[in-house]
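Pulled from TrEMBL:
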BINDING   20, 21, 22, 67, 92, 107, 222, 250  shikimate binding site
BINDING   131, 132, 133, 134, 135, 243  NADP(+) binding site
DOMAIN    12-93  domain 'Shikimate dehydrogenase substrate binding N-terminal'
DOMAIN    127-195  domain 'Quinate/shikimate 5-dehydrogenase/glutamyl-tRNA reductase'
DOMAIN    243-272  domain 'SDH C-terminal'
Ligand code: NDP
């Protein structure tokens, strides 16, 4: 596309930001759609975040994806907040319209989209969510909104699981972390929303023999793509959904919010990001 001098601008803000896969994914979609647009990474220190967001909202910039550690700041400074962002307590998407800042959370929809893309019916339930941080809150919210009949929670710090249940899924069953294998009995979906599995963090170990063989294990971790959690589940015959699905799923509505069209067909987003994460494969 020949530059027009009026390129639309969006980006992703975090600290650090060099690891983010979003600029590559958005650039592929922008190119395939033939848009005159730029999507840029912004490394912003926590003390500068609020001033940066407010200043950008007064420019021609369409909006920003928000990553760690700015998701709460983004929520706090917004003029309008979506029900999802309000409930989850974090915003990963800011859009700027008419000088106003709108906050949303697309992690929840992204997680559901990843399940549906793999033919997993999230409503089958029961679902076990392991973890109680930001990712777990988005996932538990998504599953509750989707009408999953029974949601089980387990987290190293039980009090954080209790807070999540109080805020988002009041009828969730909480299992002590050391007893988490018991929560596999009869589960249809088991989600790792802890940071275990990240390179260098140690694996999340489960006794997968207790899970039904038609259950599905989903991971929020995508570095590495094949976590020990997913590898062990697959060995016991379970289906698996890797963390790239959620990442791509949250980016889709962001692209649409920034540029007014859905991401174009014809870009194999999973293959693109997989090749970036594991270039030797
Ligand atoms: P948080 O820091 O908010 O939460 C971390 C969670 O992991 C907490 O529940 C914490 O338990 C648990 N945890 C940390 N260390 C251990 C340990 N040694 N043993 C047991 N539990 C542990 O992180 P996020 O929720 O933001 O992120 C979690 C993961 O999800 C990360 O790997 C992140 O990369 C990924 N993620 C992926 C996304 C995607 O699009 N695929 C989107 C967002 C996140 P406790 O409460 O006890 O501290």
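The backbone N, Cα and C atoms fix where each Cβ goes, glycine too.
Note: TrEMBL annotation is automatic and uncurated.
It should be emphasised that the depicted structure is a prediction, and the values quoted were computed from it without experimental measurement.
Annotated features, which come from TrEMBL, shown on the structure.
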residue: 20; record: shikimate binding site; DSSP (3 states): coil
residue: 67; record: shikimate binding site; DSSP (3 states): coil
residue: 92; record: shikimate binding site; DSSP (3 states): coil
residue: 131; record: NADP(+) binding site; DSSP (3 states): coil
residue: 222; record: shikimate binding site; DSSP (3 states): coil
residue: 243; record: NADP(+) binding site; DSSP (3 states): coil
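With respect to ligand 1, the binding-site residues 67, 132, 243 contribute 132, 243 as residues with a C-beta closer than 6 angstroms to one of its atoms, given in sequence order.
Neighbours of the shikimate site: apart from 20, 21, 22, 67, 92, 107, 222, 250, residues of the same chain with C-beta atoms within 8 angstroms of the site's C-beta centroid are 12, 65, 247, 251. Here the candidates are the binding-site residues 131, 132, 135, 243, and by Cα distance the one nearest residue 222 (shikimate binding site) turns out to be 243.
The Cβ of residue 250 (shikimate binding site) lies under 8 Å from the Cβ of 92, 106, 107, 109, 110, 111, each on the same chain and at least six residues away in sequence. According to DSSP, residue 107 (shikimate binding site) is assigned to a helical segment. All chains included, 25 other C-beta atoms sit within 10 angstroms of the C-beta of residue 131 (NADP(+) binding site). Sequence-distant contacts of the domain 'SDH C-terminal' (243-272) (same chain, six or more residues past either end, CB-CB distance under 8 Å): 8, 10, 21-22, 24-26, 28-30, 32-33, 35, 37, 39, 62-63, 65, 92-93, 95, 104, 106-107, 109-115, 117-118, 135, 218-223, 225, 227.
Put simply, 134 is the one of the binding-site residues 131, 132, 133, 134 whose Cα lies nearest to the Cα of residue 20 (shikimate binding site). Secondary structure at residue 250 (shikimate binding site), as computed by DSSP, is helix. Long-range Cβ contacts of residue 135 (NADP(+) binding site) within its own chain (separation 6+, distance under 8 Å): 107, 193, 220, 246. Summarising the environment of residue 132 (NADP(+) binding site), the number of other Cβ atoms within 10 Å of its Cβ, over all protein chains shown, is 25. Taking only the Cα positions, the spacing between residue 134 (NADP(+) binding site) and residue 21 (shikimate binding site) is 19 angstrom.
Sequence-distant neighbours of residue 22 (shikimate binding site) (same chain, 6+ apart, CB under 8 A from its CB) are 12, 39, 41, 65, 67, 251. Put simply, 133 is the one of the binding-site residues 131, 132, 133 whose Cα lies nearest to the Cα of residue 21 (shikimate binding site).
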